[in-house]
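As given in TrEMBL:
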DOMAIN    B:1-213  domain 'Heme-copper oxidase subunit III family profile'
TRANSMEM  B:27-50  transmembrane segment
TRANSMEM  B:71-91  transmembrane segment
TRANSMEM  B:97-115  transmembrane segment
TRANSMEM  B:149-173  transmembrane segment
TRANSMEM  B:193-212  transmembrane segment
Amino acid sequence: MENKKHIIGYNAYIIVWLSLLALTAITVSVAGIHLGDYTLLIAMFIAAIKSALVINIFMHIKFDEPIFKVFLALSGLTLLIIFVLTFFDFIYR
Amino acid sequence: MNHNSVAGNENNHTAAHVHRDDVGAKLGMWLFLFTEVLLFGGMFLAYAVYRYQYPDQFRIAAMELNTGIGTLNTVILLTSSLTVALSIAAIQKKNKFLSILMLSLTVVFALMFMVNKYFEWMAKIDHGIFPGSEELLGRPNGQILFFGLYYVMTGLHGLHVFIGVIVLLFMLYFLIKNDITPDNYTKLENAGLYWHLVDLIWIFLFPLFYLIQ
């Protein structure tokens with residue numbers, strides 16, 4: 001078998017897990033402070049960092065073939081287009 | 001690309017030739033996950049539009065959710081994502097025992113998540129807050145929409161957790177039966193991908209429902 005699998009060590013996974021817990025603690029404490037409109041923005045920014053960690057390391061995307069990244073980009077783009085078009089319709093109707 | 005051809009018996013070329021395409025199998029799983037992203041994406045879209053329309057009522061309604069239980073469930077789900085990833089790493093390193101242990105822990109965390117969810121929903125229902133209830137229908141539109149979205153989105157997510165438990169239990173059975181081995185663990189990887197998606201969706205559900213001040 002000439003299969004070059006990239007195996008991630010236990011430690012890398014545990015570091016990612018600790019970072020996810022730390023980010024959860026941050027997002028919960030930030031929600032307690034009154035920052036007005038920025039609260040949602042910060043919460044979504046932290047959620048985006050957390051998902052990037054899960055997708056890249058836990059879901060192995062960083063080490064998989066480029067075609068997986070293309071799939072991921074396509075689904076993200078589709079979702080973005082649907083959101084943008086809907087909000088254009090909703091706000092300017 | 002990475003075709004894995006495993007010849008059954010080197011001395012006997014007429015023996016069964018097992019053809020495997022691990023990359024193809026994973027690509028298929030990702031394709032399925034994208035349909036899931038679109039399913040939940042539609043709901044997040046409905047949430048976004050209604051939150052934009054009723055920001056104050058969403059805030060008032062969200063105050064009633066238990067941030068403590070939400071945070072606990074986030075920690076549980078993130079930890080279950082770790083254990084399923086460790087389970088895959090363990091079988092890659094030929095440690096079957098650790099792999100089984102980590103996969104079992106994942107199932108335990110998933111069940112803990114469901115138990116918390118049950119108590120959380122029951123507390124709300126005891127207070128008369130559920131779709132179509134007199135208490136809820138007496139409130140402004142924004143709050144009815146908030147709790148409607150809450151029940152549908154966390155409910156569909158919970159259904160995914162439940163299906164995930166069944167899938168993980170099958171993987172546990174395959175591991176024990178040596179159907180998942182250090183040379184052939186794509187099934188486990190795909191189950192892991194599904195479980196991580198459940199985690200990913202929760203990463204967004206949590207701040208959107210529990211952390212509105």
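Positions of Cβ are set from backbone N, Cα and C atoms, glycine also.
In TrEMBL, annotation is done automatically, which means it is predicted and not curated.
The stretches the transmembrane segment (B:27-50) and the transmembrane segment (B:97-115) are not in mutual contact, being linked by fewer than three Cβ pairs under 8 Å (pairs 6 or more apart in sequence). Per-residue confidence over the domain 'Heme-copper oxidase subunit III family profile' (B:1-213) averages 92 (mean pLDDT, predicted model).
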